[in-house]
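These notes are about the structure you will find just below.
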Amino acid sequence: MKLPIIFLTLLIFVSSCTSVLINGSSDEERTYSFSPRASPFDPRSLNQELKIGRIGYCFDCARACMRRGKYIRTCSFERKLCRYSISDIK
C-alpha cells in the first residue's frame, strides 16, 4: 500500500516541478541583437524576396483567372489587386 502512495507523491512532485520550470522559461524576455559584422545586410536579397512575393502573388492571380475561364487584366502586388477580363478564354 505504501508503494503506490510513494509513487503518486513522487509523480505529483515531479509534475509540479516541471510545470514551474516550463512557465519560468517561457516568461523570460527574449532579445535579439543584430550584428552587421556577423550577418551583413544585403539589400539585393531583400529586393529578391519582394520579387518572389510579387511573382507568387501574380501567379496565384493568374491561376484564379484561369479557373474562371478569363484572361488576367491587372495584377498589382502593392495594392493586392487582381482583376480579370470580361471576355472568356477561347
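Each Cβ is built from the backbone N, Cα and C atoms, and glycine gets one as well.
Pulled from Swiss-Prot, these are the features on record:
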SIGNAL    1-19  signal peptide
DISULFID  CYS58-CYS75  disulfide bond
DISULFID  CYS61-CYS82  disulfide bond
Cα-Cα distance linking CYS75 (disulfide bond) and CYS61 (disulfide bond), given in Å to the nearest integer: 7
Spatial neighbours of CYS75 (disulfide bond) that are distant in sequence (at least 6 apart) but have CB under 8 A: TYR57, CYS58, CYS61, ALA62, LEU81, CYS82, ARG83
Among CYS58, CYS61, which are disulfide-bonded residues, the residue with the most C-beta atoms within 10 angstroms of its C-beta: CYS61
CYS82 (disulfide bond): tally of other CB atoms within 10 A of its CB: 18
